């Protein structure tokens, strides 16, 4: 097991449902520490840059529109195997396929409005964390 950090975003649909606290409880109950957090309303430019890896995909425009539709909660999670733990907590991208008890099964409405984002690998996590948080604003506890 490795101590890792991962980026998590609670997307506009889940923020609008007022379930930030319930999602944070799941992180903490799984042994993940929230070592940085902020609320933001992403600009189109930031959303396009953050999701640039998907720029050629057919869903890119809809993804950007959704991510700028309301505020998001962005956090860095730290813990043993944080990336995998967070991905297990989130569940499948499509909430209809997500296991019962996962964040997406419980709070997401569709494959587009799917409540949360999480880094998928250590290198992705490093890039995504640096995008939203200068290193001096992330604190181990």
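Heads up, residue numbers simply count up from 1 along the chain you see.
Even glycines carry a Cβ here, placed using N, Cα and C.
Residues or ranges marked as active site, pros-phosphohistidine intermediate in Swiss-Prot: 117. Per Swiss-Prot, ATP binding site is recorded for 11, 59, 87, 93, 104, 114.
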Does DSSP put residue 87 (ATP binding site) in a helix, in a strand, or in coil?
helix
Compute the C-alpha separation of residue 93 (ATP binding site) from residue 117 (active site, pros-phosphohistidine intermediate), stating it in Å without decimals.
9
Spatial separation of residue 117 (active site, pros-phosphohistidine intermediate) from residue 104 (ATP binding site) - C-alpha basis, Å:
10
Cβ-based isolation winner (fewest other Cβ atoms within 10 Å) among the recorded positions 11, 87, 104, 117:
87
